Each structure stands twice: as C-alpha cells, then as structure tokens.
Amino acid sequence: MVNHNAETAKTGNGTNATANLIVKADGNATQPKAMTSSAARMNDALSASLADLSEQENGTTAEDIHLNDLYTRYRQRLRKSLFRSGLLTSLLACVVSIIIGIVYGQHLVQTMLLVLAALISGSILTALQFPAVLSSPAAALAFAIVTTFSLGTIAAITGDELAPLPMYALFLCIHSMLPISWPVSVVLALFMTAIHIVYRIGTSPDYAPNLPMLFGEIVMLASASVSGLYYRIMSDAAHNRTVDGTRTGIEQRVKLECEREQQEQLLLSVIPAYIAAEVKRSIMLKMADACQRAGGQASTSATRFHELHVQRHTNVTILFADIVNFTPLSSSLTASDLVKTLNDLFGRFDQIAQENQCLRIKILGDCYYCVSGLPISRPQHATNCVNMGLQMIDAIRHVREATGINVDMRIGIHTGNVLCGVLGLRKWQFDVWSDDVTLANHMESGGVAGRVHITKQTLDFLGDKFEVEQGEGGNRDAYLADHKVESYLIVPPKPAYTYSVPRVVECIEQNDPSPTTEETKEIKETDQSHEATDVADVLLPVTVAPPPAIVDEKMSPTSINSQEAPLHAPLASAASMSIKELSEEEDEADEATAVTEPLMHRDQDGKNDKEPKANGGHRGSGDSAASESVAKSAALSLPADDLLSMSGSESGISNSGAQAQSSNPASVTPTAAAPAGGAASNSLTVAEAPERSRRKLSVQGLMSFADRRRSSGAFIEGRKLSIHSGESFRSHAGHVTRNRPSSKMTKYVECWGADRPFANIAESKLVKNIGLASIAMIESNLLPPERKCFNFNFFGPPTELKPFTMWYRNTPREAMYRAQPDTHFRFDLICAFVLFLSLAVVQLIVIELNLALLGSLLASFVSLALFLYLSNMSVPDVHASTTERNGPGQVVASSRYLRLAMFVVVNILISSCAVFSVINYTVPDGVSKEPSSNQTILESNFSSVFVNSTLEDVQLWEIDYAIPIAPVFLYCCAISLAAISAFLRSGFILKLIAMLVAVIAQVTVLGYSDLFEMYNDANITHGLPLEIKGFLLLLVIILVLHTLDRQGEYVARTDFLWKAKLKVEQEEVETMRGINKILLENILPAHVATHFLHLERSTELYHESYSCVAVMFASIPNYKEFYDETDVNKQGLECLRLLNEIICDFDKLLLKPKFSGIEKIKTIASTYMCASGLRPGKEDGATDEKRTEEHNVVILVEFAIALMSILDSINRESFQRFRLRIGLNHGPVIAGVIGAQKPQYDIWSNTVNVASRMDSCGVMGRLQTTENTAKILMTAGYECECRGLTYVKGKGNLVTYFVKTPFDGKL
C-alpha cells in the first residue's frame, strides 16, 4: 500500500531510489539536491504513477483478502474473549465446588479432580494473556481439545447423578466460546456425549443403565448443542452484518467526504478560504433559522439587508496589467485554441503571482489585475508586485520573440487601501474596490508598453531596491493629470550571465510517441542541411545550469530580478533573458475590442474599456510551491536520446560552434554574440551519449513542467518533449512547414505547462483505495481491543456505555436502540420452540404419562405454535413503508412491547412445563414418606399390590418407583434456561432477571416436592440436598448463558453506536456538501461544476461553442457619483452595501422559472453581465433555430425590463436616482473555464464585445441593441427606435436601435 506521505520511485535499473521524490500531503513537492535531472524526475514520476495504477488494479483482490482476514480476526477476537470468560467461569465453579466439598466432607478423589480442573482452567487462562498463544489455528485447536476433554471428563466423574448439568454448560461453551469452527465443535460434542454414555454404562450396576434416563440425558445434551449452535450461527451472522454494514457505511462516508473535499477544493479555487468560511457560516445560520421557523419558534436573525461579505484592508499594493495587441491575435484563434492559449498564458501569470505572493483578483478581457497583501498582510507587498510586473514583461517578451507576434505588457502599480469580497447572491467572483484601485487602473492606462509604471506611494514602500525614472503618466492619462499623480517607471534590471542558443521548442501531445535515437539523428541531419527562413522561427534562449553549488542555493522572491540573480532563474526572471527586447511600444487608442468598465477599474467614458476576452489560470496552491521549488533548485536535464548537437544562427542550424567542456558536465563555453543583423554565433555542442546524459540545460518555462504535470494528475501517460520534432516545424525534403502566428502562440504558451482549471482536484489515494481505507477504519474503530482479565473497559467505552448495564448514557440514543425492529425475533421463537420440544421429549421418555404432564405440554405446545405462526405469517420488511407493515410478522417485529409480552409468556410456559408434572408425585396426608415401610409393595407384583392394597399404598409405590428420575426435572430446568437465553435481542439484564426468577421458582417448587424429599432421604446421607446442588449447577449454566448474552448485547450496541456515529458524521458531511453545492452553483453553472467534479475529466479544458446566444450588459453609470470614501460611510463600505442590495435583487430574478434559462456570467463593479442560450453540454442542434434565437433574445429583453423595475423600486426606497444603461446583442459565442488558481467561467466572441459596446456607448435609462437583434425583437412584437449610425469603439459606425420599455424617459 502506497504511503500517503511519501512515494518511492523506481529507477531505471529496478532499484529503489530513496529520497528521489517526496510528495507531501498538502500537495507540495520538494526536490532533493542529489536529483537535479528533470528527465529523471519525469521517468521517476511516470514509474510512480504506473505503480499507483498497478496497485489500484490489484486493489480489488487485496481488498477481498484484507476483508476476509479482518472478518476472521474480528470473530477470533470475540471468541477469544468468550474463551477467557468460559475459563473464568469454570475456574470459579471449581473453586466453589472445592470449598463445598471440603465443608461437607467430599471424597478426596473428587476434590483432587476439581483441583486439577481448576489448575487446568487457570493455566490456560494465564497462557491466553499472551497474544501469540492463539495466533495459529493449531494452537487454538489444541487448547480447545485439552479444555474440553479435561473439564468434560472431570465434570462427568464429579457430577454423580447431576453430571449432565455441568456437561450442559460445557456443551454451550464448546459451540459458542471455543476458538474453533463449528464442525470441530460438533465433533467435540459428539465425543463428549460418547464419553458420558460410556461413563454412565460403566458406573451402572451390572452395566445395565436406566435406559430412559440415559436417552433423556442424551436428548438434554443435544438441546445444549442446539442452543450453542443457534447462538453461534446468529452471532456469526450478526458479526458478518456488522462488518459488511460498517464497511458500507464507511465507504459511503469516505466517498461523501472525498466528494465534499473536492467541492471544497473547487470552491477554494475560486474564492479565498476566509470568504468561503464566512459565507458557510451565514448559510448555516439561515438553515438554523429555517428550522426554528419550521418548529414554530421565532427567527433570531431577522435583518432587512442581505449579508455583505466585504472586508477592508490597508497597506496593499494593486497591480494592473494589460496585454498590448492581444485582441487581433485572439480573433484568429479557434474555440479550443483560444481557451488553451488563455489558460496557458494567464496560468503562467498566475504562477508568477503565486511565486511573488500576489493574489490574482480578476481578468477583464486582456486586463489582468492582482493584489499583494491579501488576505494576509505582507511587509514586502510593493516589492512583490514590482517583481511580478517585471517577470510578466519578461514572459510576454519571450512569447513575442518565439512567435514573432507583436505583443507586450503595460503594467501600472499603486499602493493604498482596498475593500475586498464578493457581492450578490449568485456567480460570486472575488473582487476589490476603492479609489486606490481606480488609480492603479489608470496607472496601467497611462503606462508604457514593456515598462512597470508605479506611483509615489509605491516608491516609498520600495525604498532603494529598484532604479526608477520619471514616468510622466499625466501626459498619457487625463485622470492622472487631473489628480496630479506623480508616477515613475522602473528601470529594468540588467540581464545576468546567460547563453543564448537558437532553438525552437515545441510540446508534443501526450499520446504522441517520443522520438527515438534514430529519429533524433535524422532530424539533426535534416536541420543541419537546411536553413529556416521563416521570421517566426526565432531564437529561443537556453540558460545553462550553473555548478551544483549554485543549483542548490535557495533564492528569495525578491532576488529573482536583481543583477546578482543565479543562472538558474525561471523563465519569467529577467536574469535569464539575453535577447534584446523589442523596442516597439503600441498605442492602445485604437484597440479593437472592449467591454463595460468596472467602477474604480475602468473609466466610464469608454476610453480605457477592456473586454472580457480572457480569464486567467493558476495552478493549485500546493502545486505552485512544488513548481517554485523545482524552478529554483534544478535545471532541465534531457535524456540522452533527446540531446542534440546544438549550435546555430538566425538563418538556420549548423554543427559548428564551441565544444562544451567535458571536464564539467554543467559548464558550457559561450562565444561572442554576433553584431546586429549578422549571424549569431552562440552555440552549445553536446558530446558523446554518456556525456550527454549528464548535461544540464534549462529551457525557459519547461524545467518545472514535469512536476506541474505530475501534481495535476496529467502526467500519467507522460508528456514528451522534442526538439525540432513538432508538428509545425518538421522539415521534409528541404521544405519548412510554417504555422499561422496564432497557432505558434498556442504551441509556445502550451510549452509553459500551465495547469488546467481545477487541476488541484485530484483523486486522493483514499478514493483510489476506498476499500482498503474503509477496512482500516473498521479495524481501528470496530475491532475490540485486546484486553486482560477483569478489564471491564471491554464491555463498552465508559464515555458512551454504562459499565455494567451497558445502556447508553445518551437517553435518546438508548430509546432509539430499543425502538429498533427485531426482524430475527421469529428465529428466536423457532429456537425456543425446538428447546421446548427437547424438554417435552425428555419428560415423555423418562416420566410416566399423567394428566399433569400431558396438560402442561399440550397447552404450552398450542401457545408456542400460535406465536410461531403469527411471527412467521409474513416476512418482516423493515424497508417497507408504514402502511405496508400490516402483516402479523411485521407487527411483531416492529412492536417492542408485543415482543416483550410474547417473551414473558413463552418463558413462563416453558419454565412451568419443566417442573409442573412434579405435582403428580405427592404423598397423601397422613401417609409416612419412609420408603422402607412399603418395601413389600415394591418387591411384589404390581397387579397383586394394586388389588390387595389401598389407594394410598399405590400412590406411595408410584412415588418410590419415580425417585430415581428426580434429577430429570433439574435437566428440564436447564433446558428452560437455554430457552430464555434464546431471545438474543431481549436485553441481557432482562434475561438474567428472568433466568434467576425462573430457577429460584423452579428450585423452590422442587425443593418442597415430596419426590425430592424422598430422594434426599433415600440417596443422600451427607452433603448438599439434590435441589441445592442442582441450583448451584444451574447457576453455572446461568453464568455461561449470561456471558453469551452480554457479549451479544455488547456487539449489538457497539455496532449500533458505530453506525449512529457514522450516520451523524454522514449527515454533517451531507450538510457541508449541500452548502458547498449551493456555493458552487453561486460560482459556476451547475453543468460546469459537474464537469470538473468528474475525476476522469477534471484535467480537461472546458469549452463549448454556441451558435446563437443573447448577451446583455446592464450598468449603472451614475453609481460612481454615489460612491465616496468617507468616515460617514465607513470608507465606502456602506456604498458597497447598497450596491450589494441591488445586485442581490437582480440575482433573485434568476430564481424565477421564467428566467431559468438565463445564466449570470459576472458582475464588473456596477455592471451586470448575463446571457441566454447557454445550454448544458454540447449544442443539441435544435431543429427550429429561428425560434430558439428569438426566444433567447426576447427572454433577455424581458429580464432587462425586470431589472429596470427592480432598480426603480430600490430608488424609491433609498431615495436615489440610479438608472440602468443596457446593451444587448446576439450571435455565436465560446464559453469556457480558464485558470487554475481562481478558475473563471466566461464567454468570448465578437458578440460579447459588441454587446459590451452597446452598453458603453448607450444612453442611461435605455436598452440599446444592434440592427440584427432589433429585427428579431420587432418580429416578436417589440417596438424599436432607430438611433442611426453610432460610433462604436473598435467597430466603427454601426446602426443601433433603442428598444422601447416602460421606463423610457423616466427620471
């Protein structure tokens, strides 16, 4: 079984590579110093993954083996405890017998035999204190045989006329207490029966035993076997049900827990943990209030406003980043390529953010913004953001250089205070608000492409860590000029020592085979004979790993961009870059697309609008630490088969260049860089294969690729890296296959290996090995602990069960336990009926027929048969509904009081039958009870005596004749006690009381009978009377039966307790699961959340294409005039509270069945974005597309009018004058989820961009739409007013329409 905290990977030669890979429980991975080869890490991870899969395949067999072993050990442990109890009982009985024998002058031989029996019991009991004694079946069988034969023989010899009574107790022990199988117990019982028969024959005069008495004793011992086997069968069945039921419950519990954990991970991937905890607390309070209202109690938390989950944080730094010229690129990508490119690109930014302790907030179009200092205050928040900005610029620079696409980053940073949290009731997205956020947004707008633009406040926190120059942001942004913001530009740190090698690196899909050595050589020869002329085949710099001393050195996040940064800095580090940055800086004034701007994020005039084209991605928190550790401590080491002789220039690849030093596998001799316009002469040549296998190279962004794929679960099949073997750059016969720039962009960013959304939701080992996990939990919670004698903790945990009564300390739980239906009560009645028949057979064989005997047996038989018929008339079904539980058997099984009444009646009848016929042997008054006075009668012929004697003489003769059968009544008493114990679920205390009452009453009746009085006078000259001796032996039987009853009660109660705890825990998990489901549906569409919760699909990128979707943006432009940060409104918190009320009321409309087809996408400050027509799953290709198109548009217009009505109502209540400005459009869209740290569901397309522009260039109080959408609305009966040609930013002049609503012209 794989350890949850560590995995041992297999090396190539089959030996264990200890410390090769350590995976911590929280997902973080650390790399040992001895393991710096990335290729070896990939091989090790692949081996470990295959080992996991192999173990999972073998899990079923191992699970069955473990379960069978657990069940065997469970029964053996219980049987072992019973064995100890039986030995203790025999030891106690022998000690009491020895004491009585000494007091009454018992024969020395019998006393010595009893001493021997006590020694045997004590010795075996002592030996059992060692756990290894009964570890083997042979040892258990040996102890069982020794115990049985020794105690049985001694009981037969010392028992005299009552020998069957101790034998009865022994038979019960053989079948129910000895640690042997039931066939062995049956064989032992037969042997002991044979020994008893031989002993009876041997001790009889002239070897002629009283055959009726002998047959009666045999039947009695057979009834003991019936009783013992019944207890064993039922207890084994109960144990089996306990193990199976507990296992099922635990498996369900584990599955629910794992599902809840996945939902929790999914939830925490979107919103911070403290926000999620606060929201859960609010939901639980609402659930509690709902329960109180349902119970008729008054609500305790009535409030007029919705819960506001927003907090204020001071001293944080906000970073806004915009990708320059990304819109033309995204418009040329397919749906899958767009989602993949966005996920990889913004996923890389998320990785950089996490490495620099920044929290990404949201992605708006190609605008990416994050904050450092949330939710945990960090002193280095300003430094973190600047470092992140520099690394983002470096990352996008390599995209530009590798693909030839002119993209860049413009970054603005400001330090101040923020309000952060979530607004509304549905589709939460963590966001920040404040005037400082607005300023940071304008710092980006007024920034310079390829530079980090900061304010004076940020510079004050930076100190002298970075060199700056005047930013003059006011010349590029009016907001900065109006507020007289002093800005600066960070001077990029100088590159450290790097060696640029012209390379093109591509990622091959996981199912593509890796190139063989021959293929690699062929590719190398082809590349050496041709020159690449495509401008896109640019040079990809390769950083050579430093010596091991530098590799092992740890870096701080702030040292990445310093001039002294180590050579092995990651891709985004400025220290690893050596190619000259392109100097072109694009002006964004004519950027093609934009969306409605967020309050305090974008200007409302549309100048700096950003469209919602992309949402970022980030790896899980646990995985990022692993990636960061690998990126800072190791370089990528390619396998020998993949290493090529590397050198080249701008025009192609050649084998000329400086030879690598063979003395140091990590060293490379660089050559001088060629002048601009000439061929670059930097080269790196790899020597022989053994030498190449030790060569360490660092390809940007790829050295943590393996660890990220392994941690995200996508590394199972292995992802191959190939140089010059990709689909786009494979050379054939002197031709070079070229891709579009957008395709190259997709291929390049894919090599970064950014995690898929929700990649942290990986199948845990608890789910993989759920059977073994449940068995382990059963073993730790259900298997009784090993105990020593007199350790009463075995009889129940003191915290849950009372030590002697074993009743639950929790009264309601005790009531629940007693109210359980007993579906096996009918089997108890059957066993009691069989024991009654045994009692009747004994009496009919031994006792002469008389009216009292026949009457008692017949009455009891009829009553028991009636009870048996009623309880078996219809099979009880506890799963049936209440109305279906009308059969007699179901009523009996369900009614505890009815079962109790039947228990009392049955046992009174059986106990009475055991002694009732003794009344037939009563000496008439005035007649002497001395047997000697009637000697002549006894010696004469019965017929002549009957003729010549009086009636009194005849009765006295009958009594004298029946004197030898007196012990039979005690045998019948033993059978009646077993019948009482046969009712397994009636409570061991109740049965103990019933047995004691019955035996006392029976012995009292027998003791006062003339038969026993005459027997004592005739056969006992010294010692205890027969009834007293029988009473003591019956007490031994009671003690044995009580031990069995107590054990059965203990097992039943612990099973019920464990299941009750499981049920409570399961309900708690169900509650949290329900809460998480509510939260998930408030964040992602239900079908999207279901998609990512399926483990086999959790690593896939989710995207859907729709041909006709209506998109709407509804903003409140004059809300920014209302927002103000003063002490009166708690620095803007109360302003956000009103906005939260507005959005919550908007969200409530989505709960109406009429608007169930509308999906809220997100809110951007005071802008509400939603869409209609996003059906779950792939588009179903509706036959009536025109009708579907019309429905999507019309329902969204009705929703817009409902929004206007809601806002108008809020205005009247809050004395405000808010107005909606709505933009509407319809057409094809792409829906998908991107990002790993905080995945976002979003939609992209020109349809979305135009809908956003319809809002931003619209008029307050009006609903503006495009011409095509207006035509559909007019066909549906809506009146539209043509606005004419309207300038739309990025689209030129478009004909737009206003849809008339009841709120047009309303102030």
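Think of each number as a place in line: the chain as shown, counted from 1.
Note that Cβ sites are derived from N, Cα and C of the backbone, with glycine treated the same way.
Swiss-Prot annotations:
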- 232-828: topological domain 'Cytoplasmic' (TOPO_DOM)
- ASP322, ASP366: Mg(2+) 1 binding site (BINDING)
- ASP322, ILE323, ASP366: Mg(2+) 2 binding site (BINDING)
- 510-540: region 'Disordered' (REGION)
- 579-633: region 'Disordered' (REGION)
- 647-693: region 'Disordered' (REGION)
- ASN934: N-linked glycosylation site (CARBOHYD)
- ASN941: N-linked glycosylation site (CARBOHYD)
- ASN948: N-linked glycosylation site (CARBOHYD)
- ASN1019: N-linked glycosylation site (CARBOHYD)
- 1045-1307: topological domain 'Cytoplasmic' (TOPO_DOM)
- 1110-1255: domain 'Guanylate cyclase 2' (DOMAIN)
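Annotated features, which come from Swiss-Prot, shown on the structure.
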| residue | record | Cβ within 10 Å |
| --- | --- | --- |
| ASP322 | Mg(2+) 1 binding site | 25 |
| ILE323 | Mg(2+) 2 binding site | 26 |
| ASP366 | Mg(2+) 1 binding site | 27 |
| ASN1019 | N-linked glycosylation site | 13 |
- [ ] Pop the Cα-Cα gap between ASN1019 (N-linked glycosylation site) and ILE323 (Mg(2+) 2 binding site) into the table, whole Å please.
- [x] 114
Open item on the list: According to DSSP, collapsed to three classes, what secondary structure does ASN1019 (N-linked glycosylation site) have?
Closed with: helix
Open item on the list: I need the CA-to-CA distance for ASN1019 (N-linked glycosylation site) versus ASP322 (Mg(2+) 1 binding site), whole Å please.
Closed with: 113
- [ ] Determine the mean pLDDT over the domain 'Guanylate cyclase 2' (1110-1255), rounding to the nearest whole number.
- [x] 86
TODO: Please list, for the domain 'Guanylate cyclase 2' (1110-1255), how many residues fall into helix, strand and coil according to DSSP.
DONE: 64 helix, 38 strand, 44 coil
Task: DSSP state at ASP322 (Mg(2+) 1 binding site), helix/strand/coil - done: strand
